[in-house]
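Feature annotations, reproduced from TrEMBL:
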- 10, 11, 12, 13, 14, 15: ATP binding site (BINDING)
- 1-254: domain 'OBG-type G' (DOMAIN)
- 276-359: domain 'TGS' (DOMAIN)
Ligand code: GDP
């Protein structure tokens with residue numbers, strides 16, 4: 001699951017992405033991922049890990065991770081292949097959610113591509129390009145599948161029905177995500193990899209003194225409310241400086257700034273949630289680990305994240321809710337307090353569950 005970073009030139013994307021990659025994990029720790037230069041893999045900061053570690057005292061700790069992809073090259077006209085248009089669009093189609101960086105800082109030294117700083121019109125430029133790209137995809141598909149539909153192909157008929165709705169919606173200048181398609185309709189159009197159906201959040205890049213009393217930020221926050229899109233304010237420049245520091249200096253720096261954590265942590269958690277992900281834990285002396293599942297996953301699906309054999313041979317899960325696990329100081333205590341549940345294959349995993357799987361091999 002990947003979150004793509006988009007935005008106009010000179011809004012602070014590279015600055016933010018550099019902070020992400022420097023705060024990110026080393027490629028050699030993740031031999032199963034190929035880390036390309038435009039991909040940053042970061043651990044998801046989760047305050048629930050520390051209490052688990054204190055209880056279990058494990059040899060190893062493995063937080064959840066999330067992937068960011070720097071999608072450079074979007075300018076007005078990208079959907080017509082201008083700039084790095086086509087490559088850009090191909091990259092963004094492969095992501096699962098979009099982090100849209102918006103410039104909310106004034107700085108005479110940093111040129112703005114449109115000549116003035118106006119976050120709402122910047123957002124519109126990007127959204128228009130993305131909608132145009134989707135329109136083209138929809139048009140082409142309708143053309144191709146329309147012929148099949150005419151000859152009675154049921155799948156093609158179903159697809160064309162949804163696409164006609166999508167086309168009308170895009171024609172009004174709207175993004176597909178606001179059309180309110182149901183799960184079946186979304187499944188039908190999934191192979192098209194439409195861009196504007198993906199969930200989006202806005203990352204408002206502000207100056208270090210721009211977190212409050214900032215009219216540009218207020219505009220983006222208002223838009224986010226209207227679109228039900230999360231808005232995270234961040235100062236990319238400071239994040240880049242923080243990620244350059246050694247751990248010790250980092251703590252000092254944050255303390256001086258009166259911050260509990262780098263702003264990047266908020267971005268990472270927002271991306272994780274935007275991707276529709278949640279965490280369950282396994283807690284053993286060998287390893288305490290945060291595992292990632294799609295929200296709404298069943299216990300066997302969750303087991304499958306550890307190993308496909310666990311899913312295939314799933315018998316049941318022993319589940320302790322996170323709060324109960326911590327309250328009773330671990331598995332033994334929770335068991336004695338009657339807080340360990342045996343759950344079957346229909347159990348829907350809850351965020352924070354501490355789980356142990358029983359399976360046949
Ligand atoms: P990109 O084209 O979107 O990748 O933008 P960059 O990350 O290259 O940033 C463009 C310029 O804006 C660089 O000179 C950055 O140093 C500067 N910049 C980025 N973030 C901030 C910020 O929060 N405040 C100020 N004043 N400048 C910033």
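Including glycine, each Cβ sits where the backbone N, Cα and C put it.
Within 8 Å of the centroid defined by the CB atoms of 10, 11, 12, 13, 14, 15, the record's ATP site, lie the Cβ atoms of 7, 9, 16, 101, 103, 205, 236, excluding the listed residues themselves. If you count neighbouring Cβ atoms within 10 Å for each of the binding-site residues 10, 14, the highest count belongs to 14. Residues near residue 12 (ATP binding site) in space but far in sequence (CB under 8 A, at least 6 apart, same chain), listed by position: 101, 103, 105, 205, 236, 237. The binding-site residues in question are 11, 13, 15, and the one with the fewest Cβ neighbours inside 10 Å is 15. Residues of the domain 'TGS' (276-359) grouped by DSSP class, helix first, strand second and coil last, total 25 helix, 33 strand, 26 coil.
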